[in-house]
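What Swiss-Prot says about this protein:
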- C352, C413, C416: [4Fe-4S] cluster binding site (BINDING)
Amino acid sequence: MAGKTLYDKLWEAHEVKRRDDGSSLIYIDRHIIHEVTSPQAFEGLRLANRKPWRIDTNIATPDHNVPTTPERKGGIEAIVDQVSRLQVQTLDENCDEYGIVEFKMNDERQGIVHVISPEQGATLPGMTVVCGDSHTSTHGAFGALAHGIGTSEVEHVLATQCLVAKKMKNMLVRVEGQLPAGVTAKDIVLAVIGKIGTAGGNGHAMEFAGSAIRELSMEGRMTICNMSIEAGARVGLVATDATTVAYVEGRPYAPKGEQWKQAVESWKDLVSDEDAVFDTVVELDASQIKPQVSWGTSPEMVLAVDQRVPDPAAEADLVKRGSIERALKYMGLTANQAITDIKLDRVFIGSCTNSRIEDLRAAAEIAKGRKVAASVKQAIVVPGSGLVKAQAEREGLDKIFLEAGFEWREPGCSMCLAMNPDRLESGEHCASTSNRNFEGRQGAGGRTHLVSPAMAAAAAVAGHFIDVRELIQGSAA
């Protein structure tokens with residue numbers, strides 16, 4: 001009998017009932033709530049005269065709509081947009097009514113849902129974790145079965161603590177070797193997406209393994225699992241190991257005392273068996289990965305920084321040729337244009353992909369002693385949570401950014417998506433550490449280029465894309 005994958009083990013441990021149609025009822029351990037996808041769910045509970053089944057499994061915070069500028073200290077009334085203000089206010093009211101723990105807008109523990117849950121220890125190995133946000137896959141970095149859900153499913157979880165789901169196939173992404181200096185977890189996952197495409201992981205739970213993955217910090221692993229959704233997979237996973245345990249230990253929601261010892265012992269099995277069989281296997285050599293930059297309107301439209309934008313005339317597939325032509329037109333680029341010739345109007349360092357302390361340190365290392373180029377209209381750094389912000393300030397990172405000409409903001413989703421005041425104007429190019437570069441994602445007509453924090457900082461000081469390895473080598477010389 002073949003061994004089991006990590007996904008198999010997590011699924012079986014939470015399968016309440018298998019149904020005749022092939023679907024299963026899955027128990028949910030942790031439910032994370034934000035202001036955008038929860039109002040209708042709570043209203044559904046009221047209309048059905050129900051209450052949350054297990055209040056203690058829920059944790060909430062506003063993130064999508066909150067302003068990241070100082071005026072937010074004025075409270076909810078400082079949110080200018082009426083819809084945004086109403087959503088944040090409604091979350092507060094719903095959590096207060098049902099006794100759900102919420103880190104409100106000006107609580108130091110507030111931040112992006114996928115940052116605050118891990119840093120609180122609310123995301124633990126072996127859990128099932130859901131949230132009304134597609135990037136819930138982030139939490140798979142802990143060896144947890146985590147994925148996004150829709151608003152109706154948010155209501156189902158609140159009411160029953162279960163979801164109906166169908167088991168997915170297993171995909172293994174093995175990344176072996178040592179990453180070159182200046183190449184990060186963000187570059188790994190962009191390279192994976194560039195290799196398999198945004199549909200490559202469709203219908204799969206995607207486990208990341210190999211020596212390069214094992215060497216990553218938890219922040220790096222979260223970055224990779226965060227963007228498994230952009231690779232087509234609903235679920236991203238990394239096996240639990242000593243790095244995972246060290247990160248979780250001592251956090252507020254983590255087990256304590258004897259329960260901690262028991263938990264750590266049980267987590268040892270949160271790995272795929274050596275003889276486990278995967279439906280699909282993808283392999284990458286970490287030593288060959290270079291800093292990545294997306295050039296088009298899909299995350300799969302990504303290249304190494306030393307490459308050139310594709311020429312649609314060289315593409316034989318008419319559908320692909322049309323996609324390239326449309327992307328070039330929207331992005332305002334020309335065929336065969338060098339990535340390093342793309343000039344930037346704005347730079348955004350933040351989002352649930354890259355706003356943790358390790359990300360800010362990497363960007364600050366590049367920004368230190370340098371200045372944002374005069375041609376760059378705005379460069380902002382948005383910590384993923386109040387706790388990340390406080391840690392960065394203790395380390396003096398805020399001063400490095402401010403002296404270089406970056407804006408230092410309050411935590412929130414910010415410029416990742418055009419649901420708050422931080423957004424692009426039409427035609428502007430932005431080097432962004434976020435996860436999506438669709439048309440209009442950062443604002444109507446905005447042009448998004450996905451990069452790592454170090455690459456974003458390098459672009460800010462150069463005014464155009466530059467190979468960050470040149471700056472690192474220059475600093476070492």
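Any Cβ shown, glycine's included, is placed from N, Cα and C.
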Point to revise | CB-centroid shell, 8 A cutoff, [4Fe-4S] cluster site C352, C413, C416, site residues removed | key: D63, H64, I112, H135, G350, S351, T353, S355, G412, S414, L417, S434, N435
Exercise for review: Taking the Cβ of C413 ([4Fe-4S] cluster binding site) as the centre, count every other Cβ atom within 10 Å, in any protein chain shown.
Suggested key: 29
Check your understanding: Do you know which of the binding-site residues C352, C416 has the most other C-beta atoms within 10 angstroms of its C-beta?
Key -> C416
